[in-house]
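Trainee: First the structure, then my questions, so here it is.
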Amino acid sequence: MSADSENETSESSPAGEATASTSALPDEPLILLPVRNAVLFPGMVLPFTAGRGQVKEDVQAAVKRQQPLGVVLQRDPRVQDPTFDDLNTIGTVANVVRYVTSPEDGAHHLICQGVERFRLIAPVEGLGFRAARVEFLPETTARNPAVDARALVLRQRAGEMIGLLPNAGGELVRALDAIELPGLLADTIAGLLDIPPERKQEILETLDVCKRLDKVLDAVAGRIEVLRLSQEIGEQTRGRIDQRQREMMLREQLRTIQNELGENIESREEVRKLTEAIEAAHMPPEVESHARKELGRLERMPEASSEYSISVSYLEWLTELPWPLPAEAPIDIARARQILDEAHFGLDKVKRRILEYLGVRKLNPHGKAPILCFLGPPGVGKTSLGQSIARALERPFVRVSLGGVHDEAEIRGHRRTYIGAMPGNIIQAIRKAGARNCVMLLDELDKLGQGVHGDPAAAMLEVLDPEQNASFRDNYLGVPFDLSAIVFVATANQIEGIAGPLRDRMEILDLPGYTEAEKFQIAQRFLVPRQLEACGLTAAQCELPDETLRAIIRDYTREAGVRSLERQIGAVFRYVALRVAEDPSTHERIEPDRLSSILGHRRFESEVAMRTSLPGVVTGLAWTPVGGDLLFIEASSTPGGGRLVLTGQLGDVMKESVQAALTLVKSRCESLHIDCSNFDKRDIHVHVPAGAVPKDGPSAGVAMFIAIASLLMGRAVRSDCAVTGEISLRGIVLPVGGIKEKVLAALRGGIKTVLLPARNAPDLEDIPVDARNQMRFVLLETVDDAVREIIEDESVTSSRNVDI
């Protein structure tokens, strides 16, 4: 069943003042017509369409018996087949004035005239149609001053409301004036109102005429307010449109007058400058044609238009880009070597590769050179290497920071249709450099993110691919720009963070951490002079002896790079600067024993001997994104049921390494002289300190084996040894990565002997010579080699001894 409330006003009309009679008797059931979204008032005429199956039968029964219908509103319009409980209790008795069946869809169209109110009493079942016992509610015709006064006000307010309707005529006002009964007047006006069916039902259920008039008055007042507000909004909108059209017409007339008088100097000057800039930019023909077309649009555009400034900004971007390729300076390899040696200490392998790169470019300037990616921990000189390449090539240097970039538009730019659109970071950097053959450093390439606005790493593929970047198209520019002459250099901390397709387009150069000797040389050559200048001091005012500098490196920093070292040196010089500012004649010599009063207590000290003085404690080596580090592993045994307890936030790989190590120890009880008959009566607890730091990796197997074996043998591990390597269940020591970083970490921690897999022997060539000379390396084929080398021969008498 559907009843469209939008059709109510079009076919509603007053039916007169006399109370209509009905052929239904109070003791006969009344056939019900449930409706969804319309309320029929007494005296009103409404069209209905019966489309639901049961409702069709109800209508047919009423027409066949020539009986009236009980039109009643459903409580929930979503109910398809309403029951007695789904209907409101008060409805309107209606006579069927007209009835037509549609041949297309079989729907029943009928026009009903409301007669009087009724109240549902009880449903009547078994008739084949929906019917109910009802109680008629005849309209009271008693008149009193209160009712008459409200009726008069309602008549006036209704006329006011009709006057605000856009297409209402005087016939409706005259029809309302002809109604004398106040109750019928209220019903008629309520039926005309555009208010929700629930509110109309509330008025229908108000039997007291005085209260009904009040409710209709409130509804009419609300509609008047809405109509007035709508009228005001419409007038304001029309006024704004008219004003805008008037202003546009006046501006066009003013522009015509100014053109005739030659007074439009400012915009003409701007167009003239852009025309000259296009001619001087030496753009490719395709780009120049596009720019002149945009300039023509600009000349025809009103200066006050919002598009005017956008077009000017776009043309400025096009003309300020370095389109022609400048002449390249010849590459001087000797000068390049001198620049690299002056700016960087150590890094011989990396500097040699950069010189090879420059040599190839000198011999084949038009060849497709590889893209170098400097990979290493923070503070080892990745960015400064890019600057040195730019100095050696005598090209401008520009840096593009990619850390945290998660929107593809930051690489390719935004389309001009967006408010505040700008070119991407690549084009912006080229304009900043002022040359199409600049050296561009893509910093923190491994920190590229990925969000809902696309994948920036995928956008970088077009930038770095030599086959595509000759016609790179920025979304803002909309024209191709040649990036093939740019020397791209990238930096990253972790290779895992670089997308695979990007890695394939680059040559990775590892920059390891510095040794203590290298840090000392870097501090003397670069950091100390730089911090002296930054603090406004001279060498005569502050003296930093070699012993003090080594103490700062050893006791106050422990990093792969030198940034923290530079901060500590700066803190010392700032302390001296304060003294000099107070007394210009001051000369300070900072001895090592004064560092504690300036920098505080020592932050790092060697604790290897203390940690490994007991059985079950071994020093392992770990690799981190910021360099190598020492990893202490502790094992202990307690009475229990043979459980293995692991703590220290170990990852899945390390947990499996401990399981494999324990199994290997059990399988070698005889050779290790361990009584394994009580394994099921003891729990073994393996702990890696610094439990707040997650740890994982495939290189702790040998260290785990040594820790458990040392514990069960009751023998301590040598305090000057550290070990790395993975194991198999056959006891074979497997190779691992990060050897150089791990060895340098051992050197910083005071370790003199490093045990590592024999298959990692070629990696020792990457370790600086001075570091190799200070250490002893033991190559392991099996875990038996590690036991012989690192576990002391004599048992330690301690409460930690375990007899299993």
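Note that Cβ sites are derived from N, Cα and C of the backbone, with glycine treated the same way.
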Trainee: Scan 1-23, 254-276 against Swiss-Prot and say which stretch is down as region 'Disordered'.
Mentor: 1-23
Trainee: Specify the count of other C-beta atoms within 10 Å of the C-beta of Gly376 (ATP binding site).
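Mentor: Counting Cβ neighbours of Gly376 (ATP binding site) within 10 Å gives 26.
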Trainee: Give me the sequence-ordered set of same-chain residues, not including Gly376, Pro377, Pro378, Gly379, Val380, Gly381, Lys382, Thr383, with a C-beta within 8 angstroms of the centroid of the ATP site's C-beta atoms.
Mentor: Phe374, Thr491, Leu511, Ala560, Gly561
Trainee: Over the domain 'Lon N-terminal' (30-224), what is the model's mean pLDDT?
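Mentor: Here the predicted model's pLDDT, averaged over the domain 'Lon N-terminal' (30-224), is 85.
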